[in-house]
Amino acid sequence: MTDERVSADGGMETSFGFRDVGTGEKQPLVNDVFHKVAKRYDVMNDVMSAGLHRVWKDAMIAALNPPRRENYRVLDVAGGTGDIAFRIVEASGRKAHATVLDINGSMLAVGAERARKKGLLGNLEFVEANAEDLPFAANSFDAYTIAFGIRNVPRIEVALKEAYRVLKRGGRLLVLEFSEVEMPLLDRFYDAWSFNAIPKFGKLITGDEAPYQYLVESIRKFPNQRDFAAMIRTAGFGRVSFTNYTGGIAALHSGWKI
């Protein structure tokens, strides 16, 4: 399942929130959203998840369980502010090397400054590039992680194929993403929170409601857990599975390059 489709005029289109846009138009629109929220990105995630993103990210790192060896290489995509990469490096006893890739320079600038303050620059590399066209050789990384970023990629299936390409044989893909709530009653509460509260809190925090409105809508347009797992299999991964967090508000997807 992919959100990309043929438009009425014969071109390719995809979704930007609840809007239909040309596939080539989505990335600049997404970039604008994250330029606006870069300095308040962690606060944004607190608003989007009621603070639970921190628990989910810790669970993601526990699932990865990075070894304490210096030649362990991780690619963290859409990881500009470094939140996942920092956790991976610390969990490895500051042995692992993480490449933080993001298409948004504002997000990377925030991450690099945070890494400097934490004394982690020796374990990290920051690369501005597109998830659909990774600037790395095949079989380069032991793990590929992406947290709350895959739904913003215009062509998700292309990004997944690139993930498969750059992973070493035996390498692991981990995708943490907002998902479809599967717990009765929680889905109603979460819808009310998402569409009524989140944009208003976003406006209070940043002075701009629009980025938060897009982010809420983008969650609803993202494939459900089973459909996204099928996309991961189609990209070539084996042993594909997912784990729901907080009743399905988020899900951690796992796949291996076998």
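Backbone N, Cα and C define each Cβ position, glycine as well.
Among the candidates Asp102, Asp142, the one that Swiss-Prot lists alongside Thr81, Asn130, Ala131 as binding S-adenosyl-L-methionine is Asp102. Least packed by the Cβ count within 10 Å, out of the binding-site residues Thr81, Asn130, is Asn130.
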